[in-house]
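Each remark here refers to the structure printed beneath this line.
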Amino acid sequence: MTTYLLITAVVIFACVFLSKVSSRLGIPMLLAFILLGMLFGSDGILKIPFDNYAFAEQICTVALIFIMFYGGFGTNWQQAKSVAVKAGLLSTAGVVITAALTGVFCHYALHIAWVESMLIGALIGSTDAASVFSVLRSKRLSLRYNTASLLEVESGSNDPCAYMLTVTFIAIAQGSASGGQIGLLIVKQMLFGILFGGLIAAAAVLLLKKIKFSTAGFDMVFVVGIAVIGYALPAVFGGNGFLSVYIVGIVLGNTEIRNKRNLVNFFDGLTGLMQMLIFFLLGLLAFPSRLPQVVIPALLIAVFLTFVARPVAVALVLTPFKGKISQQLLVSWAGLRGAASIVFAIMAEMAVETENDVFHIVFMIVLFSILLQGSLLPLVAKKLDMIDEKGDVMKTFNDYSDEVPVQFIQLSIPKSHHWCGKTLKELTLPPETLVVLLKRNGENIIPNGNTRLLENDVLVLSATSPDHVEGVSLVEIYVDENSKYNGKLLSEIPKKENTLVIMIQRGEQVIIPHGNIRLESGDMLVVSKTEI
């Protein structure tokens, strides 16, 4: 036991170290994890014997639960809603088209049996959120036409469709299901996945708003439980657990809940660990000595997938929306394969006997995708003139509270304080500060200039630099060219109850607001919402 724990610690340290080295060398981080696994594996230097596909499948499924959850949780719906329809079609119809074309190629070009061909197409039909996010974040690729949000939503939401196709073709390959049973399987996958996802998300939001955790960190434990039940409950009834947990993630991630900043940080780290685990296990399970047997068919499939199947699927989906050719080409190139394909390939390896080494074929395709597409994505974006120099790709991810430099300062007003008895407009506050909350006798009050301070009042002031204070949650409102706030004075905007604009982020400038500030396109309003 101690030996295994020691090896685990060494692997984690090595993965963290490799993530730093790979970013400096320009090598995709996830590829480094795969190579590390191969180094530890049966054909590697350390020669650790490991071919337990059943154990690996269980571990990788758990890891994929959190990757899928965070794919939804980290999606900024405010940024993504304008591309939601296109992303939804790419993640459903796009996956089906890609899988079907790949299956046809495998059958006619490589002479693989029909069912096995379609199974291979299903396994690699979806793009990988972890791989796409990794490249976008590490290279800070801000893309034109809201393409970063399109890729984020598509890659985060297309795994459930690929999973459904995989389960379907596994059932067909096993010969244990009739046409009617296959149809029922698909309906149950979709229906229970969506139904349970919505119900669990609604219940989770209600509980998170009602429950005040007495111990710090228990909210993170609670959300971990939500993610697990978001997958497990629909799966018990034959539903698509990955679809459900993604829905739960996207609802929670775009709901005003307490301590959201720490939740984002926690799941960011946890998801990183899950990615390390999956890609390391892929390398550990792979036998390099078997790769020469599959390298030619795998590379042919990868080339067809990259240069034919994916572009055709993207064109069929985006052309009706008048998507620009440069955007379609970039979206096609950004169709990286990764964690989900690996997990689904392990599932297939466990469930059916195949004529070809499906696992190692998928392994080679993932290697090709991460190495070629991942490495060249920044260059391709530049060559296609898709880089948005004024944009910030980080705003497409729902970790706003890490970005905005706001600090809360709490100040008690004793009887002897010279502010006691004065109204707020009579006070001389420090520069670049604003009173955002008044706590009085256990109540939270949104103050104004005529609010008079009393003995034992507690003032909460905002200034620059990040922090969190109990009783105040932050939300962001982005002002674009079509926003109803664009061009208006702050004083002209109707004020909602218990809310206050506490900061305006304009490019690199942070502005402490007052009523005479005129809002501009590109402004980010930071709004405090008080829990009364």
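Placed from the backbone N, Cα and C atoms, the Cβ positions cover glycine too.
Within the model, the domain 'RCK C-terminal' (395-461) carries an average pLDDT of 79. Look at TrEMBL and you will find 395-461 (among others) tagged as domain 'RCK C-terminal'.
Residues or ranges marked as domain 'RCK C-terminal' in TrEMBL: 462-532 (among others).
Annotation source TrEMBL lists transmembrane segment at 55-75 (among others).
Look at TrEMBL and you will find 87-111 (among others) tagged as transmembrane segment. Residues of the same chain lying 6 or more positions beyond the ends of the transmembrane segment (87-111) and with a Cβ under 8 Å from any Cβ of it are 80, 117-122, 124-126, 149-150, 153-154, 157-158, 161-162, 165, 297, 300-301, 304-305, 308-310, 312-314, 316-318, 331, 335.
Look at TrEMBL and you will find 117-136 (among others) tagged as transmembrane segment.
Feature annotation from TrEMBL assigns transmembrane segment to 190-208 (among others).
For 220-252 (among others), the entry in TrEMBL reads transmembrane segment. Remote same-chain residues near the transmembrane segment (220-252) are listed as 64-66, 68-75, 77, 156-157, 159-160, 163-164, 185, 188-198, 200-202, 204-205, 207-208, 211, 213, 262-263, 266-267, 270 (criterion: CB distance under 8 Å, separation of at least six residues from the stretch ends).
Here TrEMBL flags 264-288 (among others) as transmembrane segment. Within its own chain, the transmembrane segment (264-288) has Cβ neighbours under 8 Å at 11-12, 15, 30, 33-44, 48, 50-51, 53, 56, 59-60, 63-64, 66-67, 69-70, 73-74, 130, 134, 220, 223-224, 338-339, 342-343, 346, 359-360, 363, 366, 398-399, 401-402, counting only residues six or more beyond its boundaries.
Residues or ranges marked as transmembrane segment in TrEMBL: 294-318 (among others). For the transmembrane segment (294-318), the list of distant contacts is 86, 89-90, 93-95, 97-98, 101-102, 105-106, 109-110, 112, 120, 124, 327-329, 331-333, 335, 337, 356-357, 360-365, 368-369, 372-373: same-chain residues at least six beyond its ends, Cβ to Cβ under 8 Å.
The transmembrane segment annotation in TrEMBL covers 330-352 (among others). Beyond its flanks by at least six residues, the transmembrane segment (330-352) meets 30, 53-54, 56-57, 60-61, 63-64, 67, 90, 98, 119, 122-124, 126-132, 135, 143, 147, 150-151, 154-155, 159, 162-163, 166, 170, 173-174, 275, 278-279, 281-282, 285, 305-306, 310-311, 314-315, 318, 323, 358-359, 362-363, 365-366, 369-370, 373-374, 376-377, 380-381, 384, 386 of its own chain at Cβ-Cβ distances under 8 Å.
The transmembrane segment annotation in TrEMBL covers 358-380 (among others).
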